[in-house]
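*Asks:* Sharing the record's features from TrEMBL:
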type	residues	note
TRANSMEM	7-28	transmembrane segment
TRANSMEM	40-62	transmembrane segment
TRANSMEM	83-104	transmembrane segment
TRANSMEM	110-133	transmembrane segment
TRANSMEM	140-158	transmembrane segment
TRANSMEM	164-184	transmembrane segment
TRANSMEM	287-306	transmembrane segment
TRANSMEM	318-337	transmembrane segment
TRANSMEM	349-372	transmembrane segment
TRANSMEM	378-399	transmembrane segment
TRANSMEM	411-432	transmembrane segment
Amino acid sequence: MRVIKNYLYNAGYQLLAIIVPLITTPYVSRVLHPVGVGDFSYTSSIIQYFVLIAGMGVGYYGNREIAYLRENRYEMSKAFWEIQIVKTFTTIIAFIIFVLFLYWYEHYILYLWIQAINIIAVAFDISWLYMGVENFKPTVVRNTIFKILSTIMVFIFVRNSNDVGIYILITALSVILGNMALWYSLKNIVVKVKLNELKPFRHLMPSISMFIPQVAIQVYVQLNKTMLGAFVGTVSSGYYQYSDNLVKMVLTIVTATGTVMLPHVSNAFSKGDTNKVNQMLYRSFDFVSFLAIAMMFGLAGVSKYLGLMFYGRGFGPVGMAMIIESIVIVLIGWSNVIGTQYLLPTNKVNSFTVSVTLGAIINIILNVPLIYMWGLYGAMWATVFSEFAVTAYQLWVVRNSLSMRELFKNFWKYMVAGSIMFSCVIYLELLWKPISIS
């Protein structure tokens, strides 16, 4: 019952996360234009590397450790403060590296300084604690409030193409203030601990082991935008960002199960209940397959006009980019179940690391020739191939632990249903006249 409740909380917020961009993105894309959107996307991709260093793998690691220890409130509280001290330390290190980087990098200085608020915000993020105790309500309520407030502020203060800095500031403030808001309820979860009992740096190496796969993931999440901005131009980086935004908005509904299931599976694994772990995985994989395949075909079917309708005439290339990228909805959905919901909770971090590192290597190898030949669309295909490699390797790793027949027993049904839906959408598009896009 708790899993269902938390999934509904998380999925409800993810729905809000979809609705808000549906409202703001058409406005922002028309006000800031492709160049402004590209500047935001490019500087955001750069700052995410420093955010990654600041987080140092604590999100997954802290979530899992809290789930392991939550039956013992005092030990859980000790672990929380130890991990939080480590994260504060790594945030300071990341900010120092960022300042040194700005001495070398001379472009978009103002935008990057504003984006740096996101680095500081990492130190205040304790959402991993709430997830570890499977209490999703505070994080969902917090995110909802600040998502709505930031949306209102965008419409009030972002008025023309010169307001890129204001837009960056609004998005960054919504993150840091939202993170700070979670501290108010902290006293209801943790208890006082003795300072001389804290040994924070015992968590550093395990966090780094979680950090390595996150680095690999960010390589093929952020590097595409960075390389497009460097090789082709920031406008292409903006196209990639907006295609990725729509695909990831849909994908959040699929991967909402991962956020909920990680602590639940971790707790079952800590008790040695392997059978329960496997049964949860089979149900989750089937549910994710059902959602992901439907969403892949649905988005691919409407992508041709969705990009134009959503962003305007200046964003025509986004439609085809979405058609290509929609394939990753299924691939990421599956790797989320196998990787996040199984390999990480059962402490098979090395296998998870190898899978995402393999994806990153393939992405780097393919990015240069594919971007050189096909630009934006080449970057999209590089993403698809890298996600396929991640998923294929993870399935190979668990082939002796999980039944492939059980995992894919309903796959063909969902593919048939999705294909029929896709055909119907395409047929209706051929019947209807193109919609006038402003």
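Note that Cβ sites are derived from N, Cα and C of the backbone, with glycine treated the same way.
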*Asks:* May I ask which of the stretches 40-62, 110-133, 140-158 has the most CB pairs under 8 A with the transmembrane segment (164-184)?
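*Replies:* Checked against 40-62, 110-133, 140-158; highest Cβ contact count belongs to 110-133.
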*Asks:* Are the transmembrane segment (110-133) and the transmembrane segment (40-62) close enough to be called in contact, which here means at least 3 C-beta pairs under 8 A that are separated by 6 or more residues?
*Replies:* yes
*Asks:* Residue list, the transmembrane segment (83-104) vs rest of chain: Cβ under 8 Å, 6 or more residues beyond ends.
*Replies:* 47, 50-51, 53-56, 58, 61-62, 65, 112-113, 116, 119-120, 122-123, 125-126, 128, 198, 200-201, 203-204, 207
*Asks:* So what's near the transmembrane segment (378-399) in sequence-distant terms, Cβ-Cβ under 8 Å and 6+ beyond its ends?
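*Replies:* For the transmembrane segment (378-399), the nonlocal Cβ contacts are 220, 224, 227-228, 240, 243, 321, 324-325, 327-328, 331-332, 334-335, 338-339, 342-343, 348, 351-352, 354-356, 358-360, 362-363, 366-367, 369-372.
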